[in-house]
Amino acid sequence: MKEDTVLKKNEECIIHIEDMGNDGEGIGKYQGYTLFVKNALVGDTVRVRAMKCKKNYGYARLMEIITPSPYRVEPRCRIALQCGGCTLQHLDYEEQLRRKQKKVADCIERLGGITGGYELCSIIGMQNPYYYRNKAQFPVGSKNGKLSIGFYAGGSHSIIDTDNCCIQAKENEDIVRAVRSFLEEENISIYNEETHEGLVRHILIRVGFVTGEIMVCLVINGNDLSDKEKLVEKLKSIKGMKSISLNINKEKTNVILGNKIRPLWGEPCITDYIGAVKFRISPLSFYQVNPAQTRVLYEKALEFACLQGDETVWDLYCGIGTISLFLAAKAKKVYGVEIIPQAIEDARENARINGIENAEFFVGAAEEVLPEKYRQEKIDADVIVVDPPRKGCAESLLDTIVLMAPKRVVYVSCDPATLGRDLKYLTSRGYELKKVQAVDQFPHTGHVETVVLLKQM
Ligand code: SAH
């Protein structure tokens, strides 16, 4: 039996949008019943039509903006509202920042149970919140026999055709045009997701923002590309071009890259820097997508770690070792732990090319490696840095941290909710929250990164 809800499917109502969800959806109430509305902004008064009604909340479609939010702006990108990438481009950037800061503070209060006693630093946004991404993956498809290259529409795999994107590197435009003309002129077959036939699937582009070096990798459902010299000819004249390759992905999957790379021209890797640390990046390597704000975030982590040069430091969930290598210059010894073996190989290689000898890396789950090294090898910690994925830290890891009793814990978080939860755990076991700094790594999306400092009481 269907439950009675305040609204029924297809009924319309007028609501005021009071808040926004993680994916940029507007949230408002109709007679106490919560509605989520895509493309509605905080401050808007809107007419909506109920689409899906659950017991305590529902989803509604935006029908008309009756009074626009004072924070509503014209998005710079013409496809912003259809594209699945940016969810907040139509919200004034200063207001985006205010909302992200508020979300972090709310989670610390509501989920962390911490109501004050710490310094809430002002969120650090970008001077120019456009063209910040150094990595783009353009899906390639065919619609009614016509080539389409661009981005997926929100929640679908339908491609919106475009050569540019105003949060990605400007260089992409010339590259996409060159690949597009090559595919058209040579009549190259295009991959079809449904039938799993056709060749070209994606264009991967990476740009070293500090070095200006560019990498282009064409993902194909096959072993080779006919007339590849013609593609190279078109691409190699683009300023900064350093590496051109094919990636072989013959699987029926949504995963973009396969494991095999076939070099076509130039170097196998490009180089880039975050601060003074150099990174070598292959098509398959993980690398932070907003290097400018990554530097800001990790410099804050370094500042909070407050190293004097004689400390033993752990960098848990270290990825390719970015934070570890930042910390190594100021510490006696840094230990990094990461679950993906390839990332640890990259971390070791990055240490080597930077001549860093006091960083050591272990493959494994942080919650297993840390207690093992502490109990069996008696390696201790003056400072522990954690940078976990969205689900936050395992409780058993937090227990080990408490047991090891470092003077400072620096927590880098990509999800304020799990940050709040983990802070609650640590602050009820001998740690005090001292500083909170949010950094906007992903302007025009709902994501926010935070770095916090905890001290032993
Ligand atoms: N600081 C890193 C990025 C961290 S992202 C950098 O700058 O490169 C979070 C990382 O945690 C990912 O690399 C992920 O592979 C890793 N990870 C996930 N679960 C883990 C676990 N249980 N133990 C160790 N690492 C884990």
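Glycine residues also receive a Cβ, built from the backbone N, Cα and C atoms like all the rest.
Within Y273, Y317, Y374, the residue that TrEMBL lists together with Q288, E338, D387 for binding S-adenosyl-L-methionine is Y317. Residue environment of Q288 (S-adenosyl-L-methionine binding site) contains 20 other Cβ atoms, counted within 10 Å of its Cβ in all protein chains. Residue counts for the domain 'TRAM' (6-64) by DSSP state, with H, G and I taken as helix and E and B as strand, are 0 helix, 36 strand, 23 coil. Using the Cβ center of Q288, Y317, E338, D387 for S-adenosyl-L-methionine, the list of other same-chain residues with Cβ within 8 Å runs, in sequence order, D315, C318, G319, I320, T322, I323, P388, V412. Counting other Cβ atoms within 10 Å of each Cβ, the recorded positions Y317, E338, D387, C414 show the lowest value at C414.
Checking the recorded positions Y317, D387, C414 against ligand 1, the ones with a C-beta less than 6 Å from an atom of that molecule are Y317, D387. Residues belonging to the domain 'TRAM' (6-64) score a mean pLDDT of 94 in the model.
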